[in-house]
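Undergrad: Take a look at this one; I'll ask things after.
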Amino acid sequence: MEEAQMKEEFKTETNETQMEEKETEDTQLEEKDSYLQTEVAPALIALHPFDQSIAVTVGSELRIFNLVKNCAVSLADESKEMLHRDSIRALRFSDSGKLLVSAGDDKLVKIWGAESWQCLCTVNSEKRVSAVAISKDEQYVCFADKFGVVWIVDLVGLAENQPNPDKNAVAIFGHYCSIITSLEFSPDGRFIVSADRDFKIRVSVFPKYPLKGVHEIQSFCLGHSEFVSCLTFVHNSDFPQGFLVSGSGDSTVCMWDVTSGSLLCTSDVGREANLSEESHPAVTDLYATADGSLVAVAIQRQALEIPLSFDLLLSILQGILLLSCDLSAKRLSMLKVVPVPGETFIPTRLGTKLSGNLLWMVTGASNLPGTKESSFARIRAVSCFKKKSNDSDLEPRVLEDTEVPGGDQLLEKLQGSVSVESTVFSAAADALNAAMSSLLRKKQYSDEKRDFRKKTRNDKKFKQ
Amino acid sequence: MFFLKSRPIEASSLHQPIILGKKARSMLESKGNSTFNKSTGLPRKRFYRARAHSNPLSDSHFPVPLSPQHVDYSLHFPQIFPSPDRSGDARRIEFADVGCGFGGLCISLSTLFPEKLMIGMEIRDKVTEYVKERILGLRTTNPGQYQNVSVVRTNSMKYIPNYFEKGQLSKMFFLFPDPHFKEKNHRRRVISPFLLDEYAYVLKEGGIIYTITDVEELGVWMRTCLENHPMFECITDEELEADPVVKLLVSATEEGQKVARNGGQTFQAVFRRVALSG
Ligand SMILES: C[S@@+](CC[C@H](N)C(=O)[O-])C[C@H]1O[C@@H](n2cnc3c(N)ncnc32)[C@H](O)[C@@H]1O
């Protein structure tokens, strides 16, 4: 008797708890979605693999500069219907350099011909798009939405001069109720790797007929203790499969064997660069050199709570970190900080061409709450971004604006103006940090809030 | 130029195991049965109220192990694994009862398969605590028995890969799961085309997935999902007859017993994990 009675009590209580739990999860996602409309999106950058052009996004704007002809490029059709209507969140060239894909908060995935700069095809997504990848054979574009579903579009029949065939996306796999932050194909094209807000990296076998779904999971790479923000493969001719490298909100960069999912090495970049442990600045982007010897790491700017000497501030907080990578020993180790002198430059994205020794960086934001500026972008480039050398003349160094290829014309096009008001840098960095945290970090309920949640549940109605 | 010394960090030094809270640990370890009602032998409600601590690793308040290696077997199976270091012991959890409710199935399986380790997974805090106490009670009243069964509070739809390695499980149970009738809520169903990819990952080849429901629509849905998945194959009727576990799907679970009492119909789908062809 008592057993039955107790179970009934449980049932009423628990059904509600359970409902609440699920509802919270769903509303959190939905809330995030609407909150995002006023959210700040970081500026993105992508380099053509053979250095023909450079693409930058700021909010909904896609800006292209032709590095060969040294001139600004306008998109073939700049009528409003052809452009993005909301912040672009993902941008990438195909390996051959024939295509560029852009996608984002307007739920559109646009595939551009990187010669004509025609939009060859626009695919509608049901939800906002958070990441894109192009298969190694360039037959497929994959994209991930804010609800953790990965979609695929086949590129059959896509060609310059006959744009806009009707293309629909097919859902191929998912991360249940999570936000996918990054999608990446392995160098040999065998695997598609997806990273999410729930600390997970999933490695899936990319099948011969992917439109039928991606069912076979090769491994999970587990070990990050915060959202995973970015992925890249480090490989070279000696290690053609290379290793996966991931950056996270836990301030670390990890190196993985994707076949087994095993963690090979962790570099605590936040601690090694002396960034405050409490603030846990997130790694925002990674880039590996073509020879697999270096990984460049962009890391969030930390809140300036700890008193540091001015010199130290300048050298630590601005710029990028370089990790040296030893593929045979499966090791990453901190090499140096490349400082950006003169301004609070916290790169939001990195880019480089495959063969290049220039690393391009952008910092910028779609909008700047609380300032007069509507949006801003700043481009910098680092020279000698390759294997460290003993010759100190070949040390990586941030180029002056006058030394940047393309010069003023490039800056004018990609930044929107040759010079950028330096006061907006900090504001943008703070706004971007806040946006990233609210999107990806797990909510930590305060004790009071949790107590309130508990009181409003049915638990307390138990008679003891 | 600002140089930093080069110092790679071992993975192990960074990520300490994070699994059960202190209170849960002491609950699992508590010896006496004073938390049990003397006349009914059942755990008393007031001893398993919600934990006060929350783990920052999750939106909800339960801790999530960083990876299957971080699952502390010594908390779940203290007699079998006296220390958290299980490097010398190849035994792993092999059965998972997903959405185990009050734990009836796990408890029956525990004595039917005394050599296997098994775990119930349940999202509701109090139900999980109840099952925990139920198991502890059985351990005290039946010395040497029920050491191979445990329960964990988690959202199985998100965290299965945090608990089990590839091919670790030989049986998974999804018994009388919540139906989520509305079309827009179908994505909340514990059996879905995408989640089956994860179940196929944690199940070894030849492993078996058992599903049952009293809701016809859900029964059709679960069967269809399994039939359409390239890594599952339907098990023949003869095999089902021979499998002692199949009978437990109704008789050992609280939901199954309820359905049986009311003379209700059940719909089961039992499939084997097979290698991907082609
Ligand atoms: C109707 S009950 C069935 C319980 C048990 N299997 C039986 O047959 O008696 C379904 C159970 O699944 C649990 N559940 C629902 N969603 C879950 C999830 N995502 N993770 C873990 N458990 C879940 C519910 O809390 C509930 O206890």
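Note: Cβ is positioned from N, Cα and C throughout, glycine not excepted.
The active site feature in TrEMBL is assigned to B:Asp178. The S-adenosyl-L-methionine binding site annotation in TrEMBL covers B:Gly99, B:Glu122, B:Ile123, B:Asn155, B:Ser156, B:Leu175, B:Thr253, B:Glu254, B:Glu255.
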Undergrad: Consider each pair of residues in B:Gly99, B:Glu122, B:Ile123, B:Asn155, B:Ser156, B:Leu175, B:Thr253, B:Glu254, B:Glu255, all listed by the record as binding S-adenosyl-L-methionine, and report the largest Cα separation in Å as a whole number.
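TA: Taking every pair among B:Gly99, B:Glu122, B:Ile123, B:Asn155, B:Ser156, B:Leu175, B:Thr253, B:Glu254, B:Glu255, the longest Cα gap is 20 Å.
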Undergrad: What's the CA to CA span in angstrom from B:Thr253 (S-adenosyl-L-methionine binding site) over to B:Asp178 (active site)?
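TA: Just about 14 Å between their Cα atoms.
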Undergrad: Among the binding-site residues B:Gly99, B:Ile123, B:Ser156, B:Glu255, which sit with their Cβ under 8 Å from a Cβ of chain A?
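TA: Qualifying residues, whose Cβ lies under 8 Å from chain A: B:Ile123.
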Undergrad: Taking DSSP three-state, what's B:Glu255 (S-adenosyl-L-methionine binding site) in: helix, strand or coil?
TA: helix
Undergrad: Just to be sure I understand the packing, how many Cβ atoms besides its own are within 10 Å of the Cβ of B:Ser156 (S-adenosyl-L-methionine binding site)?
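TA: Looking across every protein chain shown, the total is 24.
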Undergrad: Using DSSP, would you call B:Asp178 (active site) helix, strand or coil?
TA: coil
Undergrad: Output the one of B:Asp178, B:Glu255 that, of all these recorded positions, has the highest number of other Cβ atoms within 10 Å of its Cβ.
TA: B:Glu255
Undergrad: So among the binding-site residues B:Gly99, B:Ile123, B:Thr253, who's got the most Cβ atoms within 10 Å?
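TA: The residue with the most neighbouring Cβ atoms within 10 Å is B:Thr253.
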Undergrad: In whole Å, note down how far the CA of B:Asp178 (active site) lies from the CA of B:Gly99 (S-adenosyl-L-methionine binding site).
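TA: Counting only the Cα atoms, the answer is 9 Å.
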Undergrad: Given B:Glu255 (S-adenosyl-L-methionine binding site) and the residue listed as 'active site', what distance in Å do their CA atoms have, once rounded to a whole number?
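TA: The separation of the Cα atoms works out to 11 Å.
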Undergrad: To the nearest whole angstrom, state the Cα distance for the pair B:Ile123 (S-adenosyl-L-methionine binding site) and the residue listed as 'active site'.
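TA: Answer for this pair: 12 Å between alpha carbons.
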